[in-house]
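> Have a look at this one.
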Amino acid sequence: IHLHWYEYPPMNPMMYPLLLIFMLFTGILCLAGNFVTIWVFMNTKSLRTPANLLVVNLAMSDFLMMFTMFPPMMVTCYYHTWTLGPTFCQVYAFLGNLCGCASIWTMVFITFDRYNVIVKGVAGEPLSTKKASLWILTIWVLSTTWCMAPFFGWNHYVPEGNLTGCGTDYLSEDILSRSYLYVYSTWVYFLPLAITIYCYVFIIKAVAAHEKGMRDQAKKMGIKSLRNEEAQKTSAECRLAKIAMTTVALWFIAWTPYLLINWVGMFARSYLSPVYTIWGYVFAKANAVYNPIVYAIS
């Protein structure tokens, strides 16, 4: 445990039952939602498409994250401290990082596939089962390789300040440890966010151009619209814009707190108390709950 955390008194005992209730609620919703997503997609023949393999992979990574992290969190919240030993602390942090990284990059590939279909259209190469499987394999191999690095001295997995979980060491002043967090932030936050925004900007532009083309064609044909009245009220352009805004907003809400905790820990640790460290994984784990809704349903 870093000496920084000894500067603070123990957390209010009421925080632990509140966190336990939140984790219980989140854990049940996440496991149930992602299990149903996996079961429906794997048992419905019409849904077993290459693109939906990515959705299933997202559900699996979110399910595994909560399945491996939910029970230890319940135990540590009950005892008000980490009681599972240093080895499991590292395993716990590794699994959390691995599943989180896999989820993030699966979302990126889902977005890229939508970009390929909508923006490039017939000019784009259609996603095959082989290609989707290769993407999924690449996601897990790279995520595993990246998250194994702290076991070999590039940063470390240590207890969080609230002592209910473990994660990367963002309080170390060692340049090697910090370099890992710089690359980590780029790999799992800035780059995926940039790709997501880029893809959705061009998706919205492409759909807007298509909508304009349909309106122009309707004028040439001397009719008000090629769509019926109900479809006009909720045009594809508006629906897609809402999905894009929701996706980017939820991404930002889910992962920004954890990023800020890491960077504040590196550069302004005096502002970082044990209570604040809770919010990072609270928002990140909530992401695993609404992913099935955002990606499977949309």
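Note that Cβ sites are derived from N, Cα and C of the backbone, with glycine treated the same way.
Just lifted these from Swiss-Prot, have a look:
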type: DISULFID; residues: Cys89-Cys166; note: disulfide bond
type: CARBOHYD; residues: Asn162; note: N-linked glycosylation site
type: MOD_RES; residues: Lys285; note: N6-(retinylidene)lysine
type: TOPO_DOM; residues: 1-15; note: topological domain 'Extracellular'
type: TOPO_DOM; residues: 41-52; note: topological domain 'Cytoplasmic'
type: TOPO_DOM; residues: 76-89; note: topological domain 'Extracellular'
type: TOPO_DOM; residues: 113-131; note: topological domain 'Cytoplasmic'
type: TOPO_DOM; residues: 153-179; note: topological domain 'Extracellular'
type: TOPO_DOM; residues: 202-242; note: topological domain 'Cytoplasmic'
type: TOPO_DOM; residues: 265-275; note: topological domain 'Extracellular'
type: TRANSMEM; residues: 16-40; note: transmembrane segment
type: TRANSMEM; residues: 53-75; note: transmembrane segment
type: TRANSMEM; residues: 90-112; note: transmembrane segment
type: TRANSMEM; residues: 132-152; note: transmembrane segment
type: TRANSMEM; residues: 180-201; note: transmembrane segment
type: TRANSMEM; residues: 243-264; note: transmembrane segment
type: TRANSMEM; residues: 276-297; note: transmembrane segment
> Under a Cβ pair cut-off of under 8 Å, which of the recorded stretches 180-201, 243-264, 276-297 contacts the transmembrane segment (53-75) most often?
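So the stretch in question is 276-297.
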> Could you state the whole-number distance in Å separating the C-alpha atoms of the residue listed as 'N6-(retinylidene)lysine' and Cys89 (disulfide bond)?
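A Cα-Cα distance of 17 Å.
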> About how far apart, in whole Å, are the alpha carbons (Cα) of the residue listed as 'N-linked glycosylation site' and Cys89 (disulfide bond)?
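Spelling it out, the Cα of the residue listed as 'N-linked glycosylation site' and the Cα of Cys89 (disulfide bond) are 13 Å apart.
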> Relative to the Cβ position of Lys285 (N6-(retinylidene)lysine), how many further Cβ atoms are located within 10 Å?
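For Lys285 (N6-(retinylidene)lysine), the count of other Cβ atoms within 10 Å is 24.
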> Which residue, out of the disulfide-bonded residues Cys89, Cys166, shows the minimum number of other Cβ atoms inside 10 Å of its Cβ in this structure?
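The disulfide-bonded residues Cys89, Cys166 were compared, and Cys89 has the fewest Cβ atoms within 10 Å.
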> So if I exclude everything within five residues of the ends of the topological domain 'Extracellular' (1-15), which remaining residues of that chain have a CB under 8 angstroms from its CBs? That is, six or more out.
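Residues 80, 158-159, 161-163, 169, 171-172, 269, 272-275, 278 contact the topological domain 'Extracellular' (1-15) from elsewhere in the chain.
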> Could you give the residue numbers and ranges of same-chain residues that sit at least 6 residues beyond the transmembrane segment (276-297) on either side and whose C-beta is under 8 angstroms from one of its C-beta atoms?
15, 19, 22-23, 26, 29-30, 33-34, 36-37, 41, 55, 58-59, 62-63, 65-66, 69, 96, 100, 103, 107, 110, 160-162, 164-165, 167, 243, 246-247, 250, 253-258, 260-261, 264
> What average pLDDT is reported by the model for the topological domain 'Cytoplasmic' (113-131)?
84
> By DSSP assignment, list the helix, strand and coil residue numbers for the topological domain 'Extracellular' (153-179), in that order.
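When I sort the residues of the topological domain 'Extracellular' (153-179) into the three classes, I find 5 helix, 6 strand, 16 coil.
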> Within the topological domain 'Extracellular' (265-275), how many residues are helix, strand or coil going by DSSP?
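With helix first, then strand, then coil, the topological domain 'Extracellular' (265-275) has 8 helix, 0 strand, 3 coil.
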> Count up the helix, strand and coil residues in the topological domain 'Cytoplasmic' (113-131) according to DSSP, in that order.
14 helix, 0 strand, 5 coil
> Work out, from DSSP, the number of helix, strand and coil residues along the topological domain 'Cytoplasmic' (41-52).
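Tallying H, G and I as helix, E and B as strand, the rest coil: 9 helix, 0 strand, 3 coil.
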